[in-house]
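Here's what TrEMBL has on this protein:
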- 18-300: domain 'NADP-dependent oxidoreductase' (DOMAIN)
- Y55: active site, proton donor (ACT_SITE)
- K84: site 'Lowers pKa of active site Tyr' (SITE)
- H117: substrate binding site (BINDING)
Amino acid sequence: MNSKHQYVELNDGHFIPRLGFGTYKPQEVPNSKTIEATKIAIEAGFRHIDCAYAYEVEEEVGLAIRSKIEDGTVKREDIFCTSKLWSTFLRPELVQSCLERSLKKLHLDYVDLYLIHFPVALKPGEELYPLDENGKIICDSVDLCATWEVMEKCKDAGLAKSIGVSNFNRRQLEMILNKPGLKYKPVCNQVECHVYHNQRKLLDFCKSKDIVLVAYGALGTQRYKECVDQNSPVLLDDPVLCALAKKRKRSPALIALRYQLQRGVVVLAQSLKENEIKENIQVFDFELTEEDMKVLDGLNRNFCYVAMQFMSDHPNYPFADEY
């Protein structure tokens, strides 16, 4: 996994592996599965591990990383570990405490990348999703530019090598980029991105600002019951995608991942199954033709699996804008 073409340079001079291992899992899956899957991923060649405070598996990810360092598979500097600031910690005075909690759980001195997970602030406290007596989410009002200033301080303190955002739209990115006294630009914007929602306009905007787009849900998400409509289309069953996969003698998942790499997108692949994890790393073993890419571009329907609809009343809800 050390060959140069498998890394992308970020706007702060650090390098991010082009393929990452996603660690979000449905709540009904035991956390022990995350330890096993993360170890398998590192053994298979994944070096970029994407997690978050809100996934509630950082201890397990940390255990897996530590065990692979201890058995000599990798050194700490070989691993690119991402975590994310959750919405209940967006107030400037809470930012560093969330990062420190993540570092403690991961048993790491620093993360390679720290992201603002979602631009909507929620009421501070121990509940990930604070609800009122009617079961409605309790939001908070926070100036994201003030949050960003503390993100910059976390970078200066060496707690995070690079800092970025997730689920931000163009307007929200511009707000940070145009902030008076900006010290560091976000290095990336991690968003839902797949052949049904290819984020063409947001990708072009990010490229124009030297911001890397990182794709989650590239395989159509794992369709977790808690946040994905079970009637939504199964991306990996798409007939056009499957026909192309058959033609190229690859799985639909590999075609979907390769599509992102060839667009200059850093892509996360998520699976708890050993055979799938080992297969996903083969994305570097082949190329799609220009014609293949056009066919896949044609599948776009701006369809979002993870719309976070319950936060849609908040002025910072990112998905109301076109992009």
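Cβ atoms are placed via backbone N, Cα and C, with glycine included.
Set side by side, the recorded positions K84, H117 differ in how many other CB atoms lie within 10 angstroms of their CB, and the most is found at K84. If you take the Cα of H117 (substrate binding site) and the Cα of Y55 (active site, proton donor), they are about 11 angstrom apart, rounded to a whole number. The 10 Å shell around the Cβ of Y55 (active site, proton donor) contains 21 further Cβ atoms across the protein chains shown.
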